[in-house]
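In what follows, a structure is listed as structure tokens, so that the remarks can point back to it.
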Amino acid sequence: FFIVGLIFIPIGIGIFVTSNNIREIEIDYTGTEPSSPCNKCLSPDVTPCVCTINFTLEKAFEGNVFMYYGLSNFYQNHRRYVKSRDDSQLNGDSSALLNPSKECEPYRRNEDLPVAPCGAIANSMFNDTLELFLIANESDPTPTPIRLIKKGIAWWTDKHVKFRNPPGEGTLEERFKGTTKPINWLKPVYMLDSEEDNNGFINEDFIVWMRTAALPTFRKLYRLIERKNDLHPTLPAGQYYLNITYNYPVHSFDGRKRMILTTVSWMGGKNPFLGIAYITVGSIAFLVGVVLLVINHKYRSTSNTADTVAF
Amino acid sequence: MGGRTRSDDERLYNYSSLLACGGKSSQTPKLAGKHRVVIPHLQPFKDEYNRFSGTYVNNRIRTTKYTLLNFVPRNLFEQFHRAANLYFLFLVVLNWVPLVEAFQKEITMLPLVVVLTIIAIKDGLEDYRKYKIDKHINNLVTKVYSRKEKKYVDCCWKDVTVGDFIRLSCNEIIPADIVLLFSTDPDGICHIETSGLDGESNLKQRQVVRGYAEQDPEVDPEKFSSRIECESPNNDLNRFRGFLEHSNKQRVGLSKENLLLRGCTIRNTEAVVGIVVYAGHETKAMLNNPGPRYKRSKLERRANTDVLWCILLLVIMCLTGALAHGIWLSRYESVLFFNIPEPDGHIVSPALAGFYMFWTMIILLQVLIPISLYVSIEIVKLGQIYFIQSDVDFYSEKMDSTVQCRALNIAEDLGQIQYLFSDKTGTLTENKMVFRRCSVAGFDYCHEENARRLESYQEAVSEDEDYTDTLSGSLNNVAKPRAPCCRTVPGGALGSKPSDHLSGSTCAVGSGEGASEVFHSRQAAFSSPIETDVVPDTRLLNKFGQITPHLFTSLDGTIQRPALETFYIMDFFIALAICNTVVVCAPNQPRQKIRLSSLSGTPIRSLEEIKNLFQRLSVRKSSSPSLASGKELPPGVPSTFVSRLSLFSRMKLTSPMEEEVSPMNESSQGCSNSACCMQIEKPHSSAGLTDSKVESLPGSPLASNLCYEAESPDEAALVYAARAYQCTLRSRTPEQVMVDFAALGPLTFQLLHILPFDSVRKRMSVVVRHPLSNEVVVYTKGADSAIMELLSGVSPDGANQEKEQMIIREKTQKHLDDYAKRGLRTLCIAKKVMSDTEYAEWLRNHFLAETSIDNREELLIESAMRLENKLTLLGATGIEDRLQEGVPESIEALHKAGIKIWMLTGDKQETAVNIAYACKLLEPEDRLFILNSQSNDACEVEMSVILKELQKKTPASPGQASLRKCSPQPPLTQDSGQRAALVITGKTLEFALQESLQRQFLELTAWSHTVVCCRATPLQKSEVVKLVRSHLQVMTLAIGDGANDVSMIQVADIGIGVSGQEGMQAVMASDFAISQFRHLSKLLLVHGHWCYTRLSNMILYFFYKNVAYVNLLFWYQFFCGFSGTSMTDYWVLIFFNLLFTSAPPVIYGVLEKDVSADTLMQLPELYQSGQKSEAYLPLTFWITLLDAFYQSLICFFVPYFTYQGSDIDIFTFGNPLNTAALFVILLHLIIESQNLTWIHMLVMIGSILSYFFFALVFGAMCVTCNPPSNPYWIMQEHMLDPVFYLVCILTTCIALLPRFTYRVLQGSLFPSLILRAKHLDRLTPEERAEALKKWRGAGKKNQVTSKYVDQSTGKSGRRPVSGPSAHAMKSATSCAAEQGDLPLCETALDLGFSAPEASDMMDPKI
């Protein structure tokens, strides 16, 4: 017990400190509140709807900053939802491309054309566009756009092994010939991005989305903000604004949308729980150990007295 | 035989059998359904044969369940009889319904398929083994008569059909049930050994069908035109009824004496011929071959109820899921991204979705019901039984056998026995009967040399030479007789001389042992020197020696007292020698009867010649002058009676051979001419008889080499005893018995009838024609109660003798009581002289009885009753049945273990009680209540009186007593300060077992801690067991060795057979077979305890494991809208149970030893935990489940909070859950298991490694292989992530913390007996011995000083001391209030282990 206690407490403290050092800011832009700038986008008439949210970073974000979008109350882990995909198709199998798995029903075919990528997951892909601008200072109204890196947000193995575009020569459009886009999508899959190596099935936003979240409230990596050099913080303290192209409807399921900016440590994102838990458990173990020691001691003495009486 | 009487009777018989069968019109072949007609399977009768025998099976046997073709369907069919398998099949089917499909269709099948495959492979292997044995048996060769070749040709067993003639030679195994038609034995008998059937290795005689015995050399199958009609095949080994109908419509009855059963072996007979009546599966042996026994153990029943609880839990969980899903769905109005409509576009209503979800959840959570539990239990049991069987402690050199587990699935019941029912003879005792004392004509002969010899034998068993030295030494030197109150202590001078002589004779026998070593071990057990040598009582021997010459003077009619006594003595020994069914054989030619080969080779024709010769030379005088008896022949004895005697007196000791010819047909019954003995002269004088190739054999060495094989050992003991008095049984055939009577020379008794022993009559009789008096004499031997009732009130010889008889009777009765008090088995010997007319009268009736087919048994008993009455008591014998080695210790240990021991014996009360004292079943300080009442009411009164007294004795529990009246419950032993013992006799038992008194009886027995039932019949034994078992709801164990214990063994929860002297019937019926009673204590205390704890812990662990794991899935449902998603890859999910966590519990179940064997043996008290089912109470089950819930909660929520709100995806989330669960589950096992060996560690590490290996490989290989859930590279990602490790460690620690704390606290605060015993194991040997001493010593001290009791009760006050026990301590009588001391033992023991324990506890922490 003492060992457990003694080991756990420092670990907990370490974790806690690390976690506390992580800078994180979360901006809800669902727009259900009337005051929110994005409130206007709730009506389906406004298309495209762009809204802007201002926020201030109190402290500078050092190191690489990760930009997430977060969704709440979105049950990406619903059994039938999770199943509704065709890994073979996503892996570039040409036969599966034109004849997707039954699991994709009812998002398997649209107007007699196979849907690529098929299934409910793909169909419901997050399609807001987020842009981040730094208002350098009060005086200068021209905002500096923050460079958001699209690549490197998906697992390497996903991008290079699990997801593949259909084989063949020619442009992606040709390779995806004979398929149609998912119903909810605005653009076909081969137009997700301008870059060839981030388009089609290997579009990293798409890959990230396809990795279904475990819990109904989740975040997904959207962009990376790379550290420029050691001298300047990646995101200096100051005023920023977030430009949102609002496409994704969440109010039907009381969902919420967020944008999260966070730095990372060796243990990932900010989460005080682990540290606290470690500290607590360590302390409890220590306490129990002490209690046991006392009990044992007392016990031994009582038995010793009994001993002397008996013999 | 074939006397006139016989042929008369035959006619009678035919008539009666006609009568008996008349109603069923046995003559019509229609009856073939009920009766079977067998016709020779030969050309002339071909049509008829086909008509009758078409439906008869041939001799090919197939014991396999499956064939190659039907294996798969049949095996599946069998397996799906199991509810569990059906359940899983249902799940598989359910998963094929698309609406509720949770997994991929194929995956759900996997566990089922694996389980089915494992069991199918097991079954298949077993079956294949059987198939090979069958094939071997089917291809054995036997000789079958072939018409084509007109001789017997070799033929495979499988080709033998009903109606075939078979010729078998000595030592061949009988291939089918055969009616014996011919035997090379001139008397038409054939010896068989039935060890293959019932394990009895003694020889049994079978007889050629009447009418065939006198036939030509061999039965010619060509001429055999009779047909046999007999019963349809049945499984009664001891019954065969039918008749053989000759072509002339004459009928001959068939009985079991004529039937050779399949599987037996022909012995001592050169060749036999018979006709097959039953073949193959219709043989009695095959019909008697029951399948493997299947008993369900108590633990398994418990587990089954808990499985039901699990199902309930499952249903609740599924219902929750379904309801919640419905509610969850109904919250949303519109179509959602994640709520996918049906393929056809419409949306299911929430209610319907909820309904579907219910089934989906069932599939998802199916793992809750442990499918692998049953497989694992079976594997574990196999392992346990393997360990039991390979325990060297059970090895018995004498029997060359170890423990034998016949029932594979009740090993753990051994750990829960509460009531033990034991047979006495052969179970507690060795069943090696040693002739100890006898009482003849009212005089007791105590045979104390015998007693001394026995003692000395025990001291020097090892060396034969030493043995004889010691023997002679002890005979001369041992002054004090073992039997303290032996009335007739011989004077020193008188005693020493004969004993010198005697030691010499025993020397000779000792050297004869070399020969007996030829025998295999079983037989050696039969004829070990301790049984075979009886040192005659000198006084009796003197009498015997002195009297014999006077024999004939006494016969003169001048009846004097000593002469009468002589008569008695003579008759007594004759009765000892012949009133039995002992088979004589010579040890140096094993399995060869002493019947000389020259004789058996003699054609029967020569017998006729001898007869003629005899008739011619009937008055020819003996020419041997050397014989004293010959000289002392009184000349001119007046009566014909004596003249006949004189005829006999001419028989010489020197001629070892003699032939007896059956009474001549022509002679009238009273005529002296019919005396049918003839004497064969000394070789030199009877050269004319060379025909019969009689060789002179050395008489006396032969006699000492004789060896007897008896059905029961006491018979043999009596014969050996008779031999010691030179009344040697020389040979026995169905028609005659030859006895070497010391002074009279060989006497040949014509054996008229044997009424075999049965447990109803409790006696057996032989009817012989006395060679000297030519009277028909009935010798009866039986239990004293049975005989005493039948003694004649009026003796035919007048008042004087009657008085004599009365005196003898009284004296004998006194002796009998005395014997019984010494724990000797008593038998009474009586005789009755019948007139020939009486006999003929009786015989007629008897044949009537014998030949009736239907209620033959009752009629036979009735007939026996008619014969066995008005007996004259000759004397009584006392045979010692020595206690087996280690019996008292075992009994004591078992008592301490809290097992109530009942002794059920057929012996009389005194014997039983004495044996009970001897084996510590009863302690001197026990209060003994004897229930012996003659009527129902008396019994009731008696019982209530005893009951009241008992209740008075323990005032602590009057409330409980009244409570107990409603439902008889065994009061805890604490209640009774003094141990009470109950002795009940058979008759009273009968009353007690009646419906009305049952409850009272049970209540009474519940109070008493030992019950001895004497004079119990086998049926009563089983009734008692049944009663106790069903009414008290306790675990019962019955142990016995003989056929009379079979019913009891079968009724009890566990039947244990002692493979002893009385054959294998008990073993055949038992679940476990041990060779000695003392092994029982280890079997129960150690293996029973282990098996029980292991298995119960394993079952609990299985439940825990499944609940813990499944709940992870369940908790996840709260976060996925109860949609039935699993956060784990399906393969991992399935394999988790099937592979990663299955081996460790199995290893645990097989190898776990919570306390070492030594400690368990030394502290039998530990056994009580099993009796109370401590390891597996309902409470434990629920605590385990709660713990499982807690652990699963931790396992889920620690990762949940860790990853909450992060970008974790489903399977990445599931991975740490899984890993943590694996660690938790395995470490839980480590906490629970008490001793860890390297095997444990190996398996644990193996499991973990295999898990990681699987996850890594699966993650690496499987890119698109498993479409919906694709764990690609997840494990690899996690292995690089420190958070993963942190989470796993944290989860494991938190999850196990309470359990561990609980265990530690339990270890130091409230240690159970077992825990404390476990600590003893950790001590060094010296410390341990010390602690053990203290443990035991504490109990004793407490008894002595009540002061200390009070003190320490105060000291140990923090421990709850139950009221009754405190009371018991205060009253502190000197009795063994063993329960009362328990808390004190604890105190005393604390010091024994607390120090090491404390350090043990602290070490890991500091």
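Each Cβ is built from the backbone N, Cα and C atoms, and glycine gets one as well.
Over all protein chains present, the Cβ of B:Arg825 (ATP binding site) has 24 other Cβ atoms lying within 10 Å. As annotated by TrEMBL, ATP binding site applies to B:Asp423, B:Lys424, B:Thr425, B:Glu715, B:Phe757, B:Lys781, B:Arg825, B:Thr905, B:Gly906, B:Asp907, B:Arg1015, B:Lys1021, B:Asn1044, B:Asp1045.
If you look up TrEMBL, you'll see B:1343-1355 marked as compositional bias 'Polar residues'.
Each residue in the domain 'P-type ATPase N-terminal' (B:48-108) has a pLDDT score, and their mean in this model is 72. What TrEMBL records for B:48-108 is domain 'P-type ATPase N-terminal'.
Sequence-distant contacts of the transmembrane segment (B:84-103) (same chain, at least 6 residues past either end, Cβ-Cβ under 8 Å): 109, 111-112, 115-116, 307, 356-357, 359-364, 366, 369, 371, 373-374, 1124, 1126, 1130. Annotation source TrEMBL lists transmembrane segment at B:84-103 (among others).
Feature annotation from TrEMBL assigns transmembrane segment to B:109-125 (among others). Remote same-chain partners of the transmembrane segment (B:109-125), defined as residues 6 or more beyond its termini with a Cβ less than 8 Å from a stretch Cβ, comprise 65-66, 71-72, 75-76, 78-79, 85, 88-89, 91-92, 371-372, 374-375, 378, 1134, 1137-1138.
The transmembrane segment annotation in TrEMBL covers B:307-328 (among others). Using a Cβ-Cβ cut-off under 8 Å and counting only residues 6 or more beyond its ends in the same chain, the transmembrane segment (B:307-328) has close neighbours at 84, 350-351, 353-355, 357-359, 361-362, 365-366, 368-370, 373, 1103, 1106-1107, 1114, 1117-1118, 1121-1124, 1181, 1185.
Feature annotation from TrEMBL assigns transmembrane segment to B:348-375 (among others).
What TrEMBL lists as transmembrane segment is B:1099-1118 (among others).
As annotated by TrEMBL, transmembrane segment applies to B:1130-1151 (among others).
Among the features that TrEMBL reports, transmembrane segment is placed at B:1179-1201 (among others).
According to TrEMBL, the transmembrane segment annotation covers B:1213-1231 (among others). Below 8 angstroms of C-beta separation, residues 1101, 1104-1105, 1108-1109, 1112, 1126-1129, 1132, 1136, 1140-1141, 1144-1145, 1148, 1191-1192, 1194-1196, 1198-1199, 1202-1203, 1240, 1244, 1247-1248, 1251, 1255, 1271, 1274-1275, 1278, 1284, 1287-1288, 1291-1292, 1295-1296, 1299-1300, 1303 of the same chain, each at least six residues beyond the ends of the transmembrane segment (B:1213-1231), sit close to that stretch.
Residues or ranges marked as transmembrane segment in TrEMBL: B:1238-1263 (among others).
Annotated transmembrane segment per TrEMBL: B:1283-1302 (among others), in sequence order. Proximity of distant same-chain residues to the transmembrane segment (B:1283-1302), defined by a Cβ-Cβ separation under 8 Å and at least 6 residues beyond the stretch ends, is recorded for 1187, 1190-1191, 1194-1195, 1198-1199, 1202, 1215-1216, 1219-1220, 1223-1224, 1227-1228, 1231.
Here the transmembrane segment (B:1099-1118) has long-range neighbours at 299, 303, 306, 310, 313, 317, 321, 324, 361, 364-365, 367-370, 372-373, 376-377, 1124-1128, 1133, 1136-1137, 1141, 1145, 1148, 1175-1176, 1180-1181, 1184-1185, 1187-1189, 1191-1193, 1195-1197, 1200, 1217-1218, 1221, 1224-1225, 1228-1229, 1232, meaning same-chain residues at least 6 beyond its ends whose C-beta is under 8 angstroms from one of its own. Most Cβ pairs under 8 A with the transmembrane segment (B:1238-1263) among the ranges B:348-375, B:1130-1151, B:1179-1201 are made by B:1130-1151.
Within the chain carrying the transmembrane segment (B:1179-1201), a Cβ under 8 angstroms from the stretch's Cβ atoms is held by residues 306, 309, 313, 1100, 1103-1105, 1107-1112, 1114-1116, 1119, 1213, 1216-1217, 1220-1221, 1224, 1228, 1287, 1290-1291, 1294-1296, 1298-1299, all 6 or more beyond its ends.
The number of other Cβ atoms within 10 Å of the Cβ belonging to B:Gly906 (ATP binding site), over all protein chains shown, comes to 25. Its Cβ placed at the centre, B:Arg1015 (ATP binding site) has 24 other Cβ atoms within 10 Å.
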